[in-house]
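Following: one structure in structure tokens, then a few remarks.
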């Protein structure tokens, strides 16, 4: 096959994604202090994005060096599983943040740990089921007219994935609106109790809203083009449009470590300790709420 520049760019993106998220996975896995629910969810997100990066690399390698229909189904299944798990993990993190504010008094309890494990099981269970569909026979290899913009996924399969994305995005939007209301109310109450100036309350509220806008804006700008095109396009659509919408979707996995992991102060401490050669798994950490992440 002639080398497609778009495939090269996707492979490079996969390499960057894999390196970034491998750092997060290693830090969380080898640091006993990172066993709190919020770090488990961040670890789930990083693992999903790591698999997505590896999937992009493997897809490039197999397409150009070991072309095979069976291998193509496996790599596409891996990509569907990993990207679905990534989006689902973002929803789980949003739910965890909301509950940490809505049920602040009971958040640090055994029930929160149980709920986190349930969300992880549901996230990965649903993602694996989505990814196994092409391998189990729901593909368009024998019926090219049923193909979607991403071969060998069928049009109906991609419609389900796109609809699932819109459902996740709507849920995240609603939860972050509620989080914004809670944060604004708490900031106002603190300002009144401590006799802060109105400008201080305004700055705190604006900062919180700006953070939530960055999170939702990044997620929407990366995934919305591909989700919309997945609903509208078909096998006859230009491949250029597929690549142009799929590439931004991969950038979400590239930005997730920056937004959810590298901004966390505890993870920053471990990374600085590793860089300084003084890593210790028993580093002291201050208990933080997921809403601070």
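Cβ from N, Cα, C; glycine included.
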240-262, 263-285 - the range that TrEMBL marks as transmembrane segment:
240-262
Annotated range (TrEMBL: transmembrane segment) out of 116-138, 185-207:
116-138
What else in the chain is close to the transmembrane segment (6-31), if you only count residues 6 or more beyond its ends and a Cβ gap under 8 Å?
39, 42-43, 46-47, 49-50, 52-57, 59-60, 63-64, 239-240, 243, 246-247, 250-251, 253-254, 256-258, 261-262, 267, 270-271, 274, 281, 283
Restricting to the domain 'G-protein coupled receptors family 1 profile' (20-260), report the mean pLDDT as a whole number.
87
